[in-house]
There are 2 protein chains.
Amino acid sequence: MAVRWFYLSALTLSSLGLMCILFTVYWMQSWHGGFAWDGTIFTFNCHPVLMVAGMVVLYSAASLVYRLPQSWVGSKLPWKIVHAALHLMAFILTVLGLVAVFKYHNHANIANLYSLHSWLGITTVFLFACQWFLGFAVFLLPWASVWLRRLLKPIHVFFGASILSLAIASVISGINEKLFFSLKNATKPYSSLPGEAVFANSTGMLVVVFALLVLYILQASSWKRPEAGVVTERQPLMHERE
Amino acid sequence: MAVRWFYLSALTLSSLGLMCILFTVYWMQSWHGGFAWDGTIFTFNCHPVLMVAGMVVLYSAASLVYRLPQSWVGSKLPWKIVHAALHLMAFILTVLGLVAVFKYHNHANIANLYSLHSWLGITTVFLFACQWFLGFAVFLLPWASVWLRRLLKPIHVFFGASILSLAIASVISGINEKLFFSLKNATKPYSSLPGEAVFANSTGMLVVVFALLVLYILQASSWKRPEAGVVTERQPLMHERE
């Protein structure tokens, strides 16, 4: 039952995640002229796409690795490597997303890191970096004691969900800010809800729905890998499939 | 141990929560001329204060009621009433916060509900209303079956934390939006980080720190009321104090 629900949710989540990325690409392509890497406004356009793809969608996929029923049995090590590798890929996309906005700001002589969106965003990426390095050092490398791992695991799990929540707050404030900039002198201002405003607002709400589903699956106890030594009704299910 | 930590955290949280409200009041008082209820911009100034006070600080206090060690023993009913009553007060402040912004918009002929901040904010308040009424009907009134309560409890708990997270995203995007409005034609624009920008950005970050602490305490298992019939090492601790 739990397994069937997991796969249904995984399919829904994958579709929603893909839609979040494609909607952001479509927004930047259709209303802002597409992408480049030359320091112009088209470089800035990579920023929302890379942040949504890295800091929200791939980050969520990486976080959900231990919810895959295949990861519940057998050695945990291969799943730890997948978890860390996917998070590293998410982190690389996120850093590229930051590079895009700094490159554009420096090219256009715009100050960096002044808005609350940027303060929260950079804090979120900093926490993500700390979380990854601490997770790598304590949970993946073999040297940390069981005592230290037990102490840090609830903190690692808490910050995993918190960083996603902060990323959502950053994405929402970022989309909001971008619309105030781009629809400032438009013939149809933001307040008259032109097509771009409705589309980008909807993209923001879609990102929220996606993240809420991810957070729900992360905390739902029936999808968690059983602790070592604990036998549940799920494990025989897995053996039956082998 | 857990009890001592709880009280230390409660003291820290109360101070931080109070600071969040006072900082928002100071921002509106010092840079925007204070408060009124006549439909002018001074009516709008009530909006951020009421939202931070209701939707963040009082909401958090109401959510943490079951973490009070006093609530771990004896009848749950009085604590349910306190939980529901505090959330109702938080909801009333939140609705007054909405009234403030609608009153100002209507008075100044500004469109309502166009920004992503407003879309997310109104969704958050709607979810809060649903959560309160469903919680009241299922958990406080005596007619719901044990089966229904067990089914809805994890959903109630999940949405409790989620609504706070969405409120934070709304507050961050709201502060960001307000600063882009108020520092648009200023002699020192937002990008040059004038005093108001630093102060309001810091208030936003303070709200984030406060909410993260609340969410941590909400999910920390050692501070949860033991389930009926489960005896833990905390319960004798409570009896010793009586």
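Placed from the backbone N, Cα and C atoms, the Cβ positions cover glycine too.
Annotation comment: TrEMBL describes B:12-219 as domain 'Cytochrome b561'.
The transmembrane segment annotation in TrEMBL covers B:7-28 (among others).
Feature annotation from TrEMBL assigns transmembrane segment to B:48-69 (among others). When Cβ-Cβ distances below 8 Å are used as the criterion, the transmembrane segment (B:48-69) is approached by residues 3, 6, 10, 13, 17-18, 20-21, 24-25, 27-28, 35, 79, 82-83, 86-87, 89-94, 96-97, 100, 121, 124-125, 128, 160-161, 163-164, 167-168, 170-171, 174-175, 178, 207, 210-211, 214, 217-218, 223-225, 234, 237-238 of the same chain, each at least six residues removed from its ends.
Taken from TrEMBL, the feature transmembrane segment applies to B:81-102 (among others). Sequence-distant neighbours of the transmembrane segment (B:81-102) (same chain, 6+ residues past either end, Cβ-Cβ under 8 Å): 37, 43-51, 53-55, 58-59, 61-63, 65-66, 112, 122, 125, 128-129, 132, 135-136, 140.
If you look up TrEMBL, you'll see B:122-143 (among others) marked as transmembrane segment.
Taking Cβ pairs closer than 8 Å, the transmembrane segment (B:155-175) reaches residues 48, 51-52, 55-56, 59-60, 63, 115-117, 120-121, 123-124, 127-128, 131, 134-135, 138-139, 200-201, 203-204, 207-208, 211, 214-215, 218-219 in its own chain, all 6 or more past its ends. Positions annotated as transmembrane segment by TrEMBL: B:155-175 (among others).
Annotation comment: TrEMBL describes B:198-218 (among others) as transmembrane segment.
Confidence over the domain 'Cytochrome b561' (B:12-219), given as mean pLDDT on the 0 to 100 scale, stands at 97.
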